[in-house]
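Trainee: Shown below is the structure under consideration.
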Ligand code: GLN
Ligand code: ZN
């Protein structure tokens, strides 16, 4: 028997209805009841989609007002004591307090995807290797669990009333604990014994409420788990098994490897595996999983937007079906949360491209077609199959995709194209002689405030109401203003301010061949926030310079060095939906080549310093340790290809933020950027200790203040941080800068903060006495 199901569906709504309702609610414009009504309507609509595609169950539990992990915190009654919930709050009030903190306007984003910090909301972090952010449960020795199932049971009841067969989706107990953060040295795993009875209770309640299956997501089975964690699985699932509702253990994102036999052995009714990320494990799982268990194969890619190659899917499924005597469930590889709702009618994509793509809704249809074919109903879907084959053939043959000129340019790159001509020490000497910067040189990360006026000008220009010339004049005025302010403040290395950029990836993608942009391809990032990743569909090429005119104009206004500002190849790759018909490494190398050309053009235009931002370098790291070196190799090479086309006297900066970098320091050093500016201020320079211990060889600008808060940092705070930094990094290699771009800030606080920052740098210079120039 073949069944179809999904692990989860996008909840934000085809027109982002949930986002807008949430934001109205937070502004006090609609009450909880009205918000709940929107949610109920969305769920009903999404279940109807699933039903229409012939799925055997609809999913309940994948809906969340903010985040599914936060829902589990309330479901298990383990909100941290510091929130001081008394029970007088409504569940929604509690949820939004966990998510947004108690201060109003807790959210403030710089484009890196994170909310502001220092507010008492739960921390956010990325869900495995996706761009979705979950709220991190906090555990401590006092953590207790108490089931609060009503909201979930209401949703089951809603689905049942609508006549649906229900499979409830939950995060499994081990993954839930793993994803949390233990405070005061508490041991997360030690909480398992207290948590399991609550899960058992919940499972029993779900069964009584009519759930036919419960899916327990344990994606941590795809990680390199410590022994005590993998051991705990058996104990946990023996207990859960007792609740009597059929359990589907769901794994995804990463191969099971050494956990494969464990996953097959656990006392559950079914196992879901990711046949897209780990196709090589389909056979062994089909062999190892006892015959009485259901094998659910994640066959349609839940992480990307390409229309499935149905023939290849069928080919992959056939031996599995044979081995399992025909009893297999088909599903997307993971929750469809990570793809847009639909791309089938997107107004901004051309008709041909649209036929190459599949959003969540189209993926449901792919499951329907596969099931039909495998159950002997191929005739009924002959037209669908033909359309899918034609689209795929067109994509394969398209001159928009494969460009011989790009392949030739890559092939022509000499093997040492990813190496600067001279080693760092020599470059440093040449650059110091050229720029003659003071000790503790000051700079910023690139962007200055994106004011309402800038946004309005861009919107008008995009609507066609402002002509190119008018837009150009407006942006030049902003650049001139930014340059004037920086000169007045006494910064040493200036930037043009990125007024003309909407987004650090989109700005480049829009000017590169091989990228397309949807009008409505939104994917939830966190809470009500959505991102619209570019679609990287073809070989990447740069038809014309992208930043040179703006940067050269900025340089023409000042005698100080103007830093050119580019987004790096790894970050552009990481924040796009990338093609699945060639390795990511190759796509990344193509982007690198385009950025390299831009770097060289900037140099030719007289720009002596170029920054290549790679905030997403860390997040591309594979979940499995064994795959990390290979990734760091090609990612690092891509960065260096972009950076290494210039003379020794040209100074290359890079910038990174929002991640734990200490575990990849050798790879960061291997980028061989002359200067790295890095976010450190929120962890009070802890990160820098890693740089010190590792003896990072090049120059470093540790962020000396947190740009995510409008608070103006005191000079003394920054002096203190810089002293701390000088203790671990030789002072003559330190730069002074904020920890990220300033685009989300307003001008008054920006000027005040930078004024204090420059004062801090001067103070340190004076203290160092004599050493007023970066020692050559
Ligand atoms: N240059 C970019 C800016 O200043 C860097 C943004 C980022 O790190 N995400 O906005
Ligand atoms: Zn940053």
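Using N, Cα and C of the backbone, Cβ positions are placed for all residues, glycine too.
Take a look at what TrEMBL says about it:
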{"type": "ACT_SITE", "residues": "708", "note": "active site, proton donor"}
{"type": "BINDING", "residues": "16, 17, 18, 19, 126, 131, 529, 530, 575, 619", "note": "5-methyltetrahydropteroyltri-L-glutamate binding site"}
{"type": "BINDING", "residues": "445, 446, 447, 498, 613", "note": "L-homocysteine binding site"}
{"type": "BINDING", "residues": "445, 446, 447, 498, 613", "note": "L-methionine binding site"}
{"type": "BINDING", "residues": "655, 657, 679, 740", "note": "Zn(2+) 1 binding site"}
{"type": "BINDING", "residues": "655, 657, 679, 740", "note": "Zn(2+) binding site"}
{"type": "DOMAIN", "residues": "3-322", "note": "domain 'Cobalamin-independent methionine synthase MetE N-terminal'"}
{"type": "DOMAIN", "residues": "440-762", "note": "domain 'Cobalamin-independent methionine synthase MetE C-terminal/archaeal'"}
Trainee: Nearest to residue 740 (Zn(2+) 1 binding site) by Cα distance: which of the binding-site residues 18, 445, 447, 529, 575 is it?
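Mentor: Answer for the nearest of the binding-site residues: 445.
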Trainee: Rounded to a whole number, how many Å is the Cα of residue 16 (5-methyltetrahydropteroyltri-L-glutamate binding site) away from the Cα of the residue listed as 'active site, proton donor'?
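Mentor: Checking the Cα atoms of residue 16 (5-methyltetrahydropteroyltri-L-glutamate binding site) and the residue listed as 'active site, proton donor' gives a distance of 26 Å.
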Trainee: Expressed to the nearest Å, what is the distance separating the residue listed as 'active site, proton donor' and residue 613 (L-homocysteine binding site) at their Cα atoms?
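Mentor: The Cα atom of the residue listed as 'active site, proton donor' is 18 Å away from the Cα atom of residue 613 (L-homocysteine binding site).
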Trainee: If you draw a 10 Å sphere around the Cβ of residue 126 (5-methyltetrahydropteroyltri-L-glutamate binding site), how many other Cβ atoms fall inside it, taking every protein chain shown into account?
Mentor: 18
Trainee: Take the C-alpha atoms of residue 445 (L-homocysteine binding site) and residue 655 (Zn(2+) 1 binding site) and report the distance between them in angstrom, rounded.
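Mentor: A Cα-Cα distance of 7 Å.
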Trainee: By the DSSP assignment reduced to helix, strand and coil, which category contains residue 18 (5-methyltetrahydropteroyltri-L-glutamate binding site)?
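Mentor: Looking at the DSSP assignment, residue 18 (5-methyltetrahydropteroyltri-L-glutamate binding site) belongs to a helix.
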Trainee: Measuring Cα to Cα, how many Å separate residue 613 (L-homocysteine binding site) from residue 657 (Zn(2+) 1 binding site)?
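Mentor: Roughly 9 Å, rounded to the nearest whole number.
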Trainee: Roughly how many Å lie between the Cα atoms of residue 575 (5-methyltetrahydropteroyltri-L-glutamate binding site) and residue 657 (Zn(2+) 1 binding site), rounded to a whole value?
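Mentor: Each residue's Cα considered, residue 575 (5-methyltetrahydropteroyltri-L-glutamate binding site) and residue 657 (Zn(2+) 1 binding site) end up 14 Å apart.
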Trainee: Would you mind sorting out which recorded positions among 613, 657, 708 put a C-beta under 6 angstroms from ligand 2?
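Mentor: Among the recorded positions listed, those whose Cβ sits under 6 Å from ligand 2 are 657.
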Trainee: Within its own chain, what residues at least 6 apart in sequence put their Cβ under 8 Å from the Cβ of residue 498 (L-homocysteine binding site), listed in sequence order?
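Mentor: Set apart from residue 498 (L-homocysteine binding site) by at least 6 residues yet with Cβ under 8 Å, we have 446, 447, 448, 504, 565, 741, 743.
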Trainee: Quick one: Cα separation, residue 655 (Zn(2+) 1 binding site) versus residue 126 (5-methyltetrahydropteroyltri-L-glutamate binding site), in Å?
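Mentor: With the alpha carbons as reference points, the distance is 20 Å.
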Trainee: Other residues with Cβ within 8 Å of the Cβ centroid of 445, 446, 447, 498, 613 at the L-homocysteine site?
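Mentor: These residues sit around the L-homocysteine site: 444, 495, 504, 565, 611, 655, 740, 741, 742, 743.
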Trainee: Where the criterion is a Cβ under 6 Å from an atom of ligand 1, which of the binding-site residues 18, 126, 445, 657 meet it?
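Mentor: Close enough to ligand 1 are 445, 657.
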Trainee: Could you give the Cα-Cα distance between residue 18 (5-methyltetrahydropteroyltri-L-glutamate binding site) and residue 657 (Zn(2+) 1 binding site), in whole Å?
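Mentor: With distance taken Cα to Cα, residue 657 (Zn(2+) 1 binding site) is 29 Å from residue 18 (5-methyltetrahydropteroyltri-L-glutamate binding site).
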Trainee: Cα of residue 529 (5-methyltetrahydropteroyltri-L-glutamate binding site) to Cα of residue 657 (Zn(2+) 1 binding site): how many Å, rounded?
Mentor: 19
Trainee: Find, among the recorded positions listed as 16, 529, 655, 708, the one whose Cβ has the highest number of other Cβ atoms within 10 Å in the structure shown.
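Mentor: Neighbour-count leader: 655.
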Trainee: Over all shown protein chains, what is the count of other CB atoms within 10 A of the CB belonging to residue 18 (5-methyltetrahydropteroyltri-L-glutamate binding site)?
Mentor: 25
Trainee: Would you say which of the binding-site residues 445, 657 has the most Cβ atoms within 10 Å of its own Cβ?
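Mentor: Per the Cβ count, the most surrounded site is 445.
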